[in-house]
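Asker: What Swiss-Prot records for this protein is below:
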TRANSIT   1-48  transit peptide
BINDING   Y150  thiamine diphosphate binding site
BINDING   G176, L178, T179, C226, D229, N231  K(+) binding site
MOD_RES   K230  N6-acetyllysine
MOD_RES   K239  N6-acetyllysine
Amino acid sequence: MAAVAARAGGLLRLGAAGAERRRRGLRCAALVQGFLQPAVDDASQKRRVAHFTFQPDPESLQYGQTQKMNLFQSITSALDNSLAKDPTAVIFGEDVAFGGVFRCTVGLRDKYGKDRVFNTPLCEQGIVGFGIGIAVTGATAIAEIQFADYIFPAFDQIVNEAAKYRYRSGDLFNCGSLTIRAPWGCVGHGALYHSQSPEAFFAHCPGIKVVIPRSPFQAKGLLLSCIEDKNPCIFFEPKILYRAAVEQVPVEPYKIPLSQAEVIQEGSDVTLVAWGTQVHVIREVASMAQEKLGVSCEVIDLRTIVPWDVDTVCKSVIKTGRLLISHEAPLTGGFASEISSTVQEECFLNLEAPISRVCGYDTPFPHIFEPFYIPDKWKCYDALRKMINY
């Protein structure tokens, strides 16, 4: 009887594991199809995708020859540069060897071999723990979590191990050469398990850096900075931009400084702050405000969430007197709250209106109701108009 029970228990565990594999398997094919076929607007390469229009930055010739790349290709280029430069660098994660769900590691195993680009079991805590061990030996570990939504099983490894390793050893040991990549944010039809923006969970953890790019050019430069940084870094990649965002990207390696926000557009009346995909939303809002209200907006891409660039944001708010912050994550406890609190403390006497946060709702991320959930340009514009009329 005990043998039958044990066998039944084993079958149940196998069944549960199979269900989990099938559930997670839904991440693959569905999410790289459909909406990720953007329509080209004109020769400027502006692209309308879902709730935003991607706006490429002017081509930079500062770093030599450039090539047209989408965001996932720029990630591949950065990883290629790192593997070529650093013989200790390794890349690993679920399905990484064949190129990854979003093709960010395509061709790298063939070029650098199975000992440097390889698959892992479906176990996020194991992936990060393995990466910590590699980094502690002095090698460069580049771990991939297949979706940011599934980074939570690795939360203990990141928060209690990676982030504290240097401190608890009195700087005798560290895992600063660990970088964790993860596709992030809304995707058009990802629903509650493939759309989350969990950056705020890690913002409360001293010892790690959190970075989110808005474009292919930014992604390559920021990722290379993360890989070479002496602290563990989490690099969230807006997956809706993987194919939708296309611009000229330098072929050779280059770095963009971490913890340094970028003022994309200067203005005098309102400061707009965002990161990742949402930057393109607020850029549209800035254009709408100028056209409809005659309001001049200063647009800031935060880029690094932790440690964030307080000086750039506060300097802008002192000038404009108004601040709107927007992100896809839920409102309560979102990183906009931290920015708002800091600006309130530093710039209180300069504020002309209450700080506005335009964010996702305090609900699980919905499927068919995603268009109502996301903080689109109309929600941001309405909040901006209320600030101006305050």
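Placed from the backbone N, Cα and C atoms, the Cβ positions cover glycine too.
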Asker: Near N231 (K(+) binding site), which residues of its own chain have a C-beta under 8 A away, given they sit six or more steps off in sequence?
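Answerer: The list for N231 (K(+) binding site) reads G176, G207, I208, K209, given in order along the sequence.
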Asker: Of all the modified residues given, K230, K239, which has the fewest Cβ neighbours within 10 Å once its own Cβ is left out?
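Answerer: It is K230 that, of the modified residues K230, K239, has the fewest other Cβ atoms within 10 Å.
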Asker: In three-state terms from DSSP, label the residue listed as 'thiamine diphosphate binding site' for me.
Answerer: helix
Asker: Within 8 Å of the centroid of the Cβ atoms of G176, L178, T179, C226, D229, N231, which other residues of that chain place their own Cβ, given that this set defines the recorded K(+) site?
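Answerer: Here the nearby residues are S177, K209, I227, E228, K230, P232, C233.
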Asker: Run through the Cβ atoms and count how many others sit within 10 Å of the one on C226 (K(+) binding site).
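Answerer: Around C226 (K(+) binding site), other Cβ atoms within 10 Å: 26.
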Asker: Given the binding-site residues L178, D229, which one has the fewest other C-beta atoms within 10 angstroms of its C-beta?
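Answerer: Each of the binding-site residues L178, D229 was scored; lowest Cβ tally within 10 Å is D229.
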Asker: List the residues of the same chain that sit at least 6 positions away from T179 (K(+) binding site) in sequence and have their Cβ under 8 Å from its Cβ, in sequence order, or write 'none'.
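Answerer: Correct list: T140, A141, I142, A143, L223, C226, I227, D229, P232, C233, I234, F235.
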Asker: May I ask you to report the DSSP-based helix, strand or coil state of C226 (K(+) binding site)?
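Answerer: The residue in question, C226 (K(+) binding site), is helix (DSSP, three-state).
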Asker: Just checking the recorded positions Y150, L178, K239: which sit within 10 A of K230 (N6-acetyllysine), CA to CA?
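Answerer: Hits: L178.
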Asker: Going by DSSP, is L178 (K(+) binding site) part of a helix, a strand, or coil?
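Answerer: Where L178 (K(+) binding site) sits, the three-state DSSP reduction gives strand.
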